[in-house]
Amino acid sequence: MSSVRIECVANEGYGIGESPVWDEKEGALLYVDISGRKVCRWSPVTGQAQAIPTDAPVSSVALRKSGDYVITLGTRFAALKWKEEQVTTLTQVDKDKPNNRFNDGKVDPAGRYFAGTMAEETRPAVLERHQGSLYTLFSDHSVVKHFDQVDISNGLDWSLDHRTFFYIDSLSYSVDAFDYDLQTGKIGNRRSIYKLEKEESIPDGMCIDTEGKLWVACYNGGRVICLDPETGKRLQTVKLPVDKTTSCCFGGRDYSEMYVTSASDGMDKEWLSRQPQAGGIFKITGLGVKGVPPYPFAG
């Protein structure tokens with residue numbers, strides 16, 4: 001595995017970089033800075049990142065079939081017009097929980113936007129427990145709540161045959177699987193497929209490759225791990241030069257590059273001096289696998 005190469009492509013010191021998504025049409029990487037309240041787009045051509053500010057913590061971004069993007073913002077699902085820098089609320093959840101916000105989100109193979117909530121943290125990974133829920137936004141902008149009692153709703157993806165939904169509630173230290181009905185978007189039969197080792201720390205964002213293997217970013221673990229969901233075995237560990245790795249996706253012209261977001265919130269001066277690239281965006285090449293292009297929201 002000596003061919004694996006890691007470079008920091010955007011060293012912007014984001015507070016909580018999250019939700020990387022490859023935008024094939026733009027040939028660019030989308031992602032958010034949750035605490036910095038901005039949606040970002042990094043171009044490998046210019047090497048520059050553009051940012052659009054938002055009025056609340058923005059926790060995930062996804063492509064939209066009709067063009068532009070959808071985001072989760074505070075406790076709202078919203079549409080984002082990039083050129084106009086215009087955000088329009090589609091619907092709101094958790095209205096009875098003013099201390100909640102959305103966290104990670106992703107679009108399923110049928111074009112539904114899945115995203116979960118959590119209580120606002122008092123400091124990184126410290127928060128009121130069991131306040132979150134997992135939701136789906138349908139193309140007609142109706143919302144379904146799947147379950148509640150979630151701590152930190154995080155990584156999500158679907159198996160290649162679309163029959164399994166993978167999901168992470170970070171403080172359970174587990175990667176879970178559900179049976180998935182693509183026709184209805186219903187989930188059931190929850191089970192754990194991998195429990196994290198102590199040094200792997202907290203499971204965060206996740207993506208799948210074309211071989212059906214899962215890649216999980218480990219917050220405070222400074223690594224991305226590759227799992228076989230069939231056997232529950234860890235196949236590979238890629239260590240990064242920062243501790244707070246938050247999420248990952250595949251991108252680039254043929255989806256053979258992996259992009260990893262990271263955070264700098266909660267790090268003191270001494271810690272930051274040891275990890276000057278904390279909060280940066282990293283590109284990993286030479287993994288020898290490719291990823292699945294992201295699905296656009298149908299609504």
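Glycine is treated like the rest: Cβ placed from N, Cα and C.
Note that TrEMBL annotation is computational and uncurated.
According to TrEMBL, the feature active site, proton donor/acceptor maps to Asp204. Per TrEMBL, divalent metal cation binding site is recorded for Glu18, Asn154, Asp204. Per TrEMBL, substrate binding site is recorded for Arg101, Asn103, Glu121. Among the features that TrEMBL reports, domain 'SMP-30/Gluconolactonase/LRE-like region' is placed at 16-264.
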Listed binding-site residues Arg101, Asn103, Glu121, filtered to Cα within 10 Å of Glu18 (divalent metal cation binding site): Asn103
Env. residues of substrate site, Cβ within 8 Å of mean position of Arg101, Asn103, Glu121 Cβ: Ile34, Pro57, Ser59, Asn100, Phe102, Thr117, Met118, Ala119, Glu120, Leu127, Ile152
Other C-beta atoms that fall within 10 angstroms of the C-beta of Arg101 (substrate binding site): 23
Integer Å distance between the CA atoms belonging to Asp204 (active site, proton donor/acceptor) and Asn103 (substrate binding site): 10
Shell of the divalent metal cation site beyond Glu18, Asn154, Asp204, same chain only (C-beta within 8 angstroms of their C-beta centre): Ser19, Asn103, Asp104, Ile152, Gly155, Ile168, Ser170, Gly205, Ala217, Tyr219, Thr246, Ser247
Spatial neighbours, same chain, of Asn154 (divalent metal cation binding site) - Cβ under 8 Å, 6+ residues apart: Asn103, Asp104, Gly116, Tyr167, Ile168, Asp169, Ser170, Pro203, Asp204, Gly205, Met206
Segment confidence, the domain 'SMP-30/Gluconolactonase/LRE-like region' (16-264), expressed as mean pLDDT: 97
Protein Cβ atoms within 10 Å of Glu121 (substrate binding site), excluding its own: 17
